[in-house]
Number of protein chains: 2
Amino acid sequence: MKWIDWNTLDEMERTAALARPVQARADQLRHGVERIIDAVRAKGDAALRELSARYDRCALDAIEVGEDEFAAADARLAPELKIAIQEAAARIDAFHRVAAPQPAGVNTAVGVRVERVLRPINRVGLYVPAGSAPLPSTALMLGVPARIAGCREVVLCSPARADGNCDEAVLYAARAVGVHRVFKLGGAQAIAAMAYGTGSVPRCDKLFGPGNTWVTEAKLQVSSDPEGAAIDMPAGPSEVLVIADAQANPIFVAADLLSQAEHGPDSQVILVSPSGTLLDSVAAEVERQCAALPRGAIAEQALAQSRLIQVDSLAQAMAVSNRYAPEHLILQVAAARDLLADVESAGSVFVGAWTPESVGDYCSGSNHVLPTYGYARSYSGVSVASYQKQITVQELDPNGLRAIGPCAATLAAAEQLEAHRRAVTLRLAALGMNV
Amino acid sequence: MKWIDWNTLDEMERTAALARPVQARADQLRHGVERIIDAVRAKGDAALRELSARYDRCALDAIEVGEDEFAAADARLAPELKIAIQEAAARIDAFHRVAAPQPAGVNTAVGVRVERVLRPINRVGLYVPAGSAPLPSTALMLGVPARIAGCREVVLCSPARADGNCDEAVLYAARAVGVHRVFKLGGAQAIAAMAYGTGSVPRCDKLFGPGNTWVTEAKLQVSSDPEGAAIDMPAGPSEVLVIADAQANPIFVAADLLSQAEHGPDSQVILVSPSGTLLDSVAAEVERQCAALPRGAIAEQALAQSRLIQVDSLAQAMAVSNRYAPEHLILQVAAARDLLADVESAGSVFVGAWTPESVGDYCSGSNHVLPTYGYARSYSGVSVASYQKQITVQELDPNGLRAIGPCAATLAAAEQLEAHRRAVTLRLAALGMNV
């Protein structure tokens, strides 16, 4: 990990110190994904079978997971894991329900009722990657809010293993949270299938979930096409920023940094502290713990790009964090709760020594699909609101139109939109009021 | 207007009947906008001056509106218009406050606190077009929710007139709702300036507002670039769908259709009714009213692409509307409120005979920046939430980690993420609990 003394840097060096690894949207990737999307649109299920054989090395019999496969997964899964999935789903459900948008309404004038009603997005498509390992937790994070929102049809795609079956835990989690249909598809072809529909896969209105660069590029492409589908948010590699003070436990801090670093070679981890001693002891502890990890080689590559940043105060540490806008922000300081008010941009915040990022990844109840790569400046994580439309409604009675019609007519005249004005004045005239 | 009998159509003909005018993202437009963005990024303010001279035909002295210009606008504006702007702003404020997201929190287990806090997006950029006429109402619709959200810096761009000044009503409206800085910029160059920053214009985190095809394309391009800015939503031409029954007043219905049609030749208006008589009389009335409109020629072009659709029931009318997903939905039927429950996809709904779309465009309190072009299937209109980030927070005490830590450890093991597991088990071990 690279050691940086923040106060010796000028403005450009500070920007460079917080730069993310470049995610070049290489032409090769872009065109490769275009070709896959075109193939799925042109040839539907036949293209899905071809692409699955080529990329996932599996010969798909049925594209959709059937009842037999769900039942077999249920029979094979360890009871302990089933319980953990159910427990996590229950807590995710509890928090997401509490944080869900509520209908609202107010009379903005006598006879003028204005409301905001909520409607589920009809058909949503969830993507659950299974690259280095299957991710049942992602099925929970995407499925629970869809169920709370009341989406009519919840579709999930996850790549099959070479044996042609989906991971049992993913299937169990999907069923546990009410996903309606699961398809054994991965990569850009899964995204294309859900965005445009095929014989087997229904066309979805909005797509959710993380993925590799092919999935991410495909989501970007279908979301730029009015015939395609909306997406949850743009994505980049996962990242964590930890703010720790001299009293933080270096063993815990190191473990949190490593839990991010093991995600992939392009993961980014940053530790910011006013204490040089803490930075030193965490660096040593990271090295010690990393050596004992099964994914230690991956973590080492990520750590090579990561930083230890020394600052002069916790206030400056928070300024660095807000500038970086981390996906995950861990506050390992004595008065962690007090720092919260100064958090401006972050995906999810972990407060205090007993809150490792892992609990948010799995089962505290918050969502783990979060804005990365600086998008936390302007995007939020997935929530029930992500699966809903907020529709405004207005209803005027004659008194309402008498009250606010003249204001509308004046503004319409100023904007030289005479038909807008007349839609009001014709009605006012019918009420015996001439404007 | 084209008359269509819905029940004589097959599935493909129905899709065609509800097709939007094609918005080809022509290569010429795409490359033209790329060149403008590149120029603004490379040459900053100098490029803005050159482009304003070329496209807005005005020689900009200062790019930013100064106090003198605000004062002059204030002095020149008609008192009646000032009052209308203040009145509209107050009602928009009242509704948007009531509909704003609220913080939320819950204990998902003993010792596990999970919250959702709200933070404003720091710097937002609003775009107010001034093509055929200036649009002070758009300054209100974009500025009021930014103020409620508490955005630190609210920047607004609107093209100058040939005399080098901005429209007085736009300036007055901007000041009325607390916009911090106004720049005399239009088109793709305004979007580029706000997305990347120049010497004069600060770099904004998210951009809002309608615009012509150049503005729309520029917003799409900057939102696909991680170095760029987020945007409110994709855009297309404005549109309305009216559901009317035999008792509807054809004069009112025609006036509503025309208020949409006058926006531009590519606006789309659709009337759906189970009553052939009503369709007939509205068609005649549209013709009559259109002839008397200053923008009648524009409205006529829009009407040429528009449709009268006969259905067999109000339930079928609503099914047609949900399939189209209109930006504006007007319900001119006897029991309009009862239909509301069946609305699945729409930007904003206008209930009953006394609620013309114009009141929502200006001053009922709802927002007029709404999803068009079918995006109402998955997007919502602008609201306070559009200017905020929703950040999740979790805080566990030792008992909390004892309660949910084992669940996290089990799931981490299933996902083969050992460092995730250890971040939990190391802490549990420190608490004397071995998992």
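Just so you know, the numbers here start at 1 and follow the chain as drawn.
The backbone N, Cα and C atoms fix where each Cβ goes, and this holds for glycine too.
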Listed co-binder of substrate (same site as B:Ser238, B:Gln260, B:His263, B:Asp361, B:Glu415, B:His420, source TrEMBL) among B:His180, B:His328: B:His328
Subset of B:Tyr127, B:Gln189, B:Asn212, B:Ser238, B:Glu327, B:His328 (recorded positions) with C-beta under 8 Å from chain A: none
Subset of recorded positions (B:Tyr127, B:Glu327, B:His328) lying within 10 A of B:Gln260 (substrate binding site), CA to CA, in sequence order: B:His328
Recorded positions (B:Glu327, B:Glu415), the one with most neighbouring Cβ atoms at 10 Å: B:Glu327
Site of maximum Cβ density within 10 Å, from recorded positions B:His263, B:His328, B:His420: B:His420
Sparsest Cβ surroundings (other CB atoms within 10 Å) among the binding-site residues B:Gln189, B:Asn212: B:Asn212
Binding-site residues compared (B:Ser238, B:Gln260) - highest count of Cβ atoms within 10 Å: B:Gln260
Number of Cβ atoms other than its own within 10 Å, given for B:Tyr127 (NAD(+) binding site): 28
